[in-house]
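The next block holds one structure in the form of C-alpha cells; read it before the comments.
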Amino acid sequence: MAGFSDHWTFAFGVLGNIISFFVFLSPLPTFYNIYKKKSTEGYQSIPYTVALFSAMLWIYYAFLKTNTTLLVTINTFGCFIETLYVGFYLFYAPKKARVQTIKLLLLLVVGGFGAIVLVTQFLFKGAIRAQIVGWICLVFSLCVFVAPLCIVRQVIKTKSVEYMPFLLSVFLTLSAVMWFFYGLLLKDFNIAIPNVLGFIFGILQMILYVMYNKKEEVVIKEQNLPELKDHVIILEDDKKKLPELSEEQIIDIMKLASLVYSEKNYGNLTEDAKNDKVVSKLQTVEA
C-alpha cells in the first residue's frame, strides 16, 4: 500500500513540475507586451518578486526534508526565471517603479530570506527547524496566490483583461491541484494547504477573464459599426404613404429639375444672359 502511495506521490510531483514549468513561462506574453511598448505602465513587479522569494524558501525547506527532490527541481527553475522577469521589469520600468522594486527585492530576498536562514539555523534544530521553515513557506505561498489580487482589482476597475494573462490563471489552477495531491499523499500539509487557496483564486481569475473579455468584444464590435449619422434612411410606413402624382405633375417636376440643372451649367454666363435663360425656361414650363 505504501508503495502504491509513493507511486502516486511521484506521479503528482512530476505533473506538478510539468505544469509549474508552464506557470513560470506563462507571463512571457506579458513581458513581450512590455518589450513592444518599451514601458511597464499597467504592470507590477510584486507578483514576480514575491514568487522569487517563495521559490527560494521552498528550496531551503526541501533541503531540510527528505524525499523532496521534485520540490528542488521546479523551484530552482522558478528562481532562475523569476530573476529574469524582475531584471526585465527593472530594465523597462520608470525610475519610481524601479526604486520600489529594488526596495522590495532588498526587503524580501536579501533581508527576509537571509534573516530566516540565520534564525532557523542558530535557534532551531532538526525536525523543529523544518517545521518552522514549513510554516513560513506556507504563509508566503499564500502571499504568492494572493499577490495576483492586485491584478484582479485592476481588471474589475478598468473592465479590461489586458493585464491578466488567461494562460497564467489556467496553469495556476492546474498546478494547485497537482501540488495539493502531492502534499496530501506526502502528508505534508505545508505543501497541500496553500494550494487550496491557489485553486480558488485560479478559478476566480478565469471567471473574471470570461466576464470582462466578453464585454471587451461587445465594445470592439460597437466601435466597428459604420457611422450612420450622415446617412438618410427612409423607412416605409404603410399608414402614411406619399400622395400619388399625376403625369402632368411629374412632367412639371422634370422640367423644373432640368431648369435647376441648366442653371448650374451656365455659371460662366453674364447676369443678363442668365436672366434671359431663366425667363425662357419659365415660359416653357407655363406653356
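Along the chain as shown, residues are numbered 1 onward.
Yeah, the Cβs are placed from backbone N, Cα and C, and that goes for glycine too.
The transmembrane segment annotation in TrEMBL covers 12-34, 46-64, 70-92, 104-124, 130-151, 163-185, 191-212.
Most Cβ pairs under 8 Å with the transmembrane segment (46-64) belong to 130-151, among the candidate stretches 12-34, 104-124, 130-151, 163-185, 191-212.
For the transmembrane segment (130-151), the residues of the chain that approach it from at least six positions outside its boundaries are 44, 46-47, 50-51, 53-54, 57-58, 60-61, 64-65, 116, 120, 124, 163-164, 168, 172, 176, 188, 190, 193-195, 197-198, 201, 205, judged by C-beta separation under 8 angstroms. Sequence-distant contacts of the transmembrane segment (12-34) (same chain, six or more residues past either end, CB-CB distance under 8 Å): 40, 43, 48, 70, 73-74, 77-78, 81-82, 85, 88-89, 92, 163, 165, 167-168, 171-172, 174-175, 178-179, 181-182, 185.
Panel annotation: around the transmembrane segment (163-185), residues 5, 8-9, 12-13, 15-16, 19-20, 22-23, 26-27, 29-30, 42-43, 70, 145, 148, 151-152, 154-155, 191-193, 195-196, 198-199, 201-203, 205-206, 208-209, 213 of the same chain, lying at least six beyond its termini, place a Cβ under 8 Å from a Cβ of the stretch.
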